[in-house]
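Listed in Swiss-Prot:
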{"type": "BINDING", "residues": "Gln167, Lys341, Arg370, Ser371, Lys392", "note": "(2R)-2-phosphoglycerate binding site"}
{"type": "ACT_SITE", "residues": "Glu209", "note": "active site, proton donor"}
{"type": "BINDING", "residues": "Asp246, Glu289, Asp316", "note": "Mg(2+) binding site"}
{"type": "ACT_SITE", "residues": "Lys341", "note": "active site, proton acceptor"}
Amino acid sequence: MANIINVIGREIMDSRGNPTVEAEVHLAGGFIGMAAAPSGASTGSREALELRDGDKSRYLGKGVLNAVANINGVIKAALMGKDAAAQAELDQIMIDLDGTENKDKLGANAILAVSLAAAKAAAMSKGIPLYAHIAELNGTPGVYSMPVPMMNIINGGEHADNNVDIQEFMVQPVGAKNFREALRMGAEIFHSLKKVLQSKGLSTAVGDEGGFAPNLASNAEALAVIKVAVEEAGYKLGTDVTLALDCAATEFYKDGKYDLAGEGKVFDSNGFSDFLKSLADQYPIVSIEDGLDESDWEGWAYQTKIMGDKIQLVGDDLFVTNTKILTRGIENNIANSILIKFNQIGSLTETLAAIRMAKEAGYTAVISHRSGETEDSTIADLAVGTAAGQIKTGSLCRSDRVAKYNQLLRIEEQLGEKAPYRGLKEIKGQA
């Protein structure tokens with residue numbers, strides 16, 4: 001047994017200059033796992049609670065000392081002597097200790113940091129990489145794949161101080177032979193886009209996730225400049241590279257309408273879905289995330305009906321990595337893919353359950369970072385260890401994003417042909 005002999009929590013900083021929670025789990029054999037909780041900007045209302053102190057005299061109320069105290073107090077006491085390899089048992093102990101539906105007593109940030117740190121420590125004690133341990137926990141030992149990256153090269157919405165309403169415009173290097181080549185393609189397009197924006201006299205400042213954040217005349221113009229950048233980088237749009245959007249539509253849903261303030265347009269629910277479909281008819285958009293508000297289930301049914309057979313429709317705020325909500329979506333034929341964010345649900349065990357449920361229902365699962373990140377690269381191992389097939393971890397800029405890409409490079413080097421890169425086949429509706 002990999003017995004836990006100590007659990008330590010601390011307050012560290014995330015990529016936006018806000019505090020977050022880091023945890024260490026120490027085992028009897030001298031193994032130490034360490035992990036940090038990320039934090040989102042555009043958040044679903046049903047996400048597990050990120051516990052903040054609310055003390056305006058520290059970090060504008062965003063301190064996490066209470067969450068840290070929970071780790072160093074009741075969580076540590078409950079986990080001492082337990083087997084770190086028994087992930088489901090550890091997570092259930094913390095869930096029961098919290099006793100609330102959304103982890104608002106101990107904080108999902110506290111529980112998640114310990115959950116991931118325990119997994120890392122257990123992997124070390126077994127002498128195997130984290131991705132291999134995750135595959136075993138997932139019930140799929142030895143089954144791996146390298147994910148297709150969704151690279152967020154233009155930021156808007158809550159991730160940038162510009163007039164672009166849609167939050168993320170992403171490129172997917174689906175024509176690459178392997179992950180290393182995909183990463184190179186994305187980097188070259190990113191640098192090409194910088195030159196295109198500069199030539200138009202547009203800003204090349206970056207947003208929270210490392211993508212450029214220029215002011216543009218419309219959301220369609222963002223797609224147009226990306227098309228130019230892809231072509232000037234020497235690639236063919238629609239063959240080598242496809243496009244993906246994260247609308248984060250909940251952020252501009254007001255009084256039953258979708259208000260694109262940046263371009264002065266207001267749509268009803270079906271009208272906004274039709275607008276997105278028109279963009280997908282003009283450009284090779286193969287994935288759209290949160291194309292409607294999290295509560296607009298009737299609208300989601302329409303969007304799935306008109307686009308779900310050809311385009312991957314990803315539920316982020318819609319499903320919040322929650323199996324109960326995902327079950328409802330599957331039963332009602334809502335969307336066809338789920339975004340997976342550890343901290344929306346608050347433990348590794350519950351995260352793996354959501355991925356398995358999605359796959360069993362024929363949905364895809366897209367592993368994702370948050371806009372507030374750290375150097376922690378666990379999501380890279382999660383993507384490979386569950387053979388999820390797709391990952392969102394920002395642009396080729398900002399060390400908090402690049403850390404995940406670099407970890408994926410290391411993993412691909414280790415696994416070689418055991419972790420194939422399947423490109424377009426990984427995306428719902430494209431196989």
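Using N, Cα and C of the backbone, Cβ positions are placed for all residues, glycine too.
Keep in mind that this is a model prediction, so the values were computed, not measured.
Each of Gln167, Glu168, Leu245, Cys247, Ala248, Ile288, Asp290, Val314, Asp317, Leu339, Ser368, Lys392 belongs to the same chain as Asp246, Glu289, Asp316, is absent from that list, and has a C-beta within 8 angstroms of the C-beta centroid marking the Mg(2+) site. In this view, the densest Cβ surroundings among the binding-site residues Gln167, Ser371 belong to Gln167, judged by other Cβ atoms lying within 10 Å.
Separating the Cα atoms of Lys392 ((2R)-2-phosphoglycerate binding site) and Glu209 (active site, proton donor) is a whole-number distance of 10 Å. Among the recorded positions Glu209, Asp246, the residue whose Cβ has the fewest other Cβ atoms within 10 Å is Asp246.
Among the recorded positions Glu209, Asp246, Glu289, Asp316, the residue whose Cα lies closest in space to that of Ser371 ((2R)-2-phosphoglycerate binding site) is Glu209. For Glu209 (active site, proton donor), the nearest of the binding-site residues by C-alpha distance turns out to be Arg370; the candidates were Glu289, Asp316, Lys341, Arg370. Neighbour counts of Cβ atoms within 10 Å were compared across the binding-site residues Lys341, Arg370, Lys392; the minimum falls on Lys341.
If you take the C-beta of Asp316 (Mg(2+) binding site) and look for same-chain residues 6 or more apart in sequence within under 8 angstroms, you find Gly44, Asp246, Ala248, Glu289, Asp290, Leu339, Lys341, Ser368. Taken residue by residue with DSSP, Asp246 (Mg(2+) binding site) is part of a strand.
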